[in-house]
Every structure is written in C-alpha cells, then in structure tokens.
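Per TrEMBL, these features apply:
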TRANSMEM  12-32  transmembrane segment
TRANSMEM  44-64  transmembrane segment
TRANSMEM  76-96  transmembrane segment
TRANSMEM  108-127  transmembrane segment
TRANSMEM  139-158  transmembrane segment
TRANSMEM  164-182  transmembrane segment
TRANSMEM  189-208  transmembrane segment
Amino acid sequence: MTMTRRGERFFFFYALALFAIVATAFPLHALVNGDELPPLLPHMHVHAVSMGLWFALMMGQTSLIGRGNYGLHKTLGVSSLALVPVMLGTGLYISWENLVRTGDNTILIANIANAAVFLVFYSAALLNRAKAALHKRFMLFAGLALMFPAFSRVTYILHVDVYLVLPMWLAFLLAVPVYDLITQRRITAASAFAVAINGIYIVSLILATSPPPG
C-alpha cells in the first residue's frame with residue numbers, strides 16, 4: 001500500500017465516524033426520548049433521508065479515492081449538488097417550525113449559522129476540486145458544519161449537559177490539523193482556514209444565542 005493510499009484511510013475513517021454518529025444518534029434519540037418529540041411529518045423524513053445520503057456519500061467518496069476509483073468519484077460527486085438544497089432547505093424549515101412551536105429562536109439561529117459555514121466549505125471544496133489536498137479537507141469540514149444537531153442528540157440520549165457538544169465538535173475540528181502535523185509536519189492552508197472560520201463561527205454563535213445582560 002502506498003503512502004497516499006494509507007493517508008486516505010484517515011479521511012475515510014473520519015467520514016465513517018460522522019456517518020455513524022448521524023445514523024445512530026437520531027434514531028436512538030427518537031427511541032429514548034420519543035414522548036418529548038413532535039410528530040414526524042413528511043418533510044422531516046425527507047430531511048433525514050437527504051442528510052443520511054449526504055454523509056453516506058461523503059464516506060463512499062473517501063472510499064473510492066482510497067481505492068483509486070477517481071472516475072466514479074467524480075460522477076457521484078455531482079449528486080451532492082442535488083442533495084444540498086434539499087437537506088439545507090428542509091433543515092431550516094424544521095428549525096423555523098421549532099421557533100413557531102416553542103418561541104425560542106436559538107435552534108433557528110444556530111442552524112442558519114451551521115448552513116452558512118457548510119456553504120463556505122462546500123463552495124471551497126467545489127472550487128478546489130482539482131486540488132485533492134484542499135478538496136478533501138474542505139469536504140470534511142463541510143460535513144462537520146452539519147454535525148451540531150447530531151452531537152446534541154448524543155447528549156440527549158445520555159442525559160448529559162448539552163454543552164458537551166463543544167468538546168465533541170472540537171475533537172473533530174482539531175483532528176485534521178493534528179493529522180497534518182503528524183503526516184506533513186505543518187498545518188495545511190485548508191486546515192488553518194477551517195480553524196479560523198470555525199473560531200469566528202463559534203464565538204459569533206455564542207454571542208448571538210446568549211441571553212442579554214441583566
């Protein structure tokens with residue numbers, strides 16, 4: 001196995017971990033805390049399926065690259081263009097429904113921010129699709145931008161403080177620059193950019209959702 005192929009295993013297992021969390025956290029939350037949830041409507045199923053397909057696609061794409069199947073990787077990559085508006089649109093609509101139902105805008109603000117950060121990294125990945133090192137990192141960071149709802153479900157299942165999503169998210173965020181340091185002895189431009197954008201994002205999100213003083 002070449003060094004390049006071995007290196008691709010990191011990206012596959014990273015994508016696999018995100019997919020596994022998404023695929024298990026939401027169903028388990030529905031089983032454990034089903035009495036506290038609103039009825040599942042058709043657009044919620046559409047959102048769940050589109051999100052699941054996104055993370056399955058990301059995992060599959062890293063596997064294809066690891067096996068050197070670049071042609072199929074490019075062909076399947078086009079399908080992400082159809083998934084993005086569906087999963088973001090339905091997700092934001094569900095967040096709006098939560099605001100109407102509860103009067104609390106925290107989830108809507110957070111998911112608007114998540115969608116914005118996702119679009120930054122997804123667009124960067126598309127613009128750099130001919131540069132593999134940049135493209136694959138930006139795609140991982142795009143996926144991570146969608147993970148806060150899944151991380152929060154983990155805390156609901158375990159009945160622990162919801163703020164524990166932050167160390168979960170931070171571990172995945174820093175895993176990529178740490179991988180860069182181990183394999184290249186430097187942090188790549190994509191990882192440095194991602195850490196900076198996510199730093200701005202998390203500070204802005206905390207400020208936007210914090211209660212007013214007094």
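Cβ atoms are placed via backbone N, Cα and C, with glycine included.
As a quick check, the transmembrane segment (164-182) and the transmembrane segment (44-64) miss the bar of 3 or more Cβ pairs under 8 A, pairs 6 or more apart, so the two do not touch.
Residues of the same chain lying 6 or more positions beyond the ends of the transmembrane segment (139-158) and with a Cβ under 8 Å from any Cβ of it are 11, 14-15, 18, 21-22, 25-26, 28-29, 32-33, 51, 54-55, 58, 61, 87, 91, 110-111, 114-115, 117-118, 121-122, 125, 164-165, 168-169, 172-173, 176, 190, 194, 198. Distant neighbours of the transmembrane segment (12-32): 48, 51-52, 55-56, 58-59, 61-63, 66, 140, 143-144, 147, 150-151, 153-154, 156-157, 172, 175-176; these residues of the same chain sit at least 6 beyond its ends, with a Cβ under 8 Å from one of its Cβ atoms. Here the transmembrane segment (76-96) has long-range neighbours at 43-44, 46-47, 50-51, 53-54, 57, 60-61, 64, 107-108, 110-112, 115, 118-119, 122, 129, 146, 149, meaning same-chain residues at least 6 beyond its ends whose C-beta is under 8 angstroms from one of its own.
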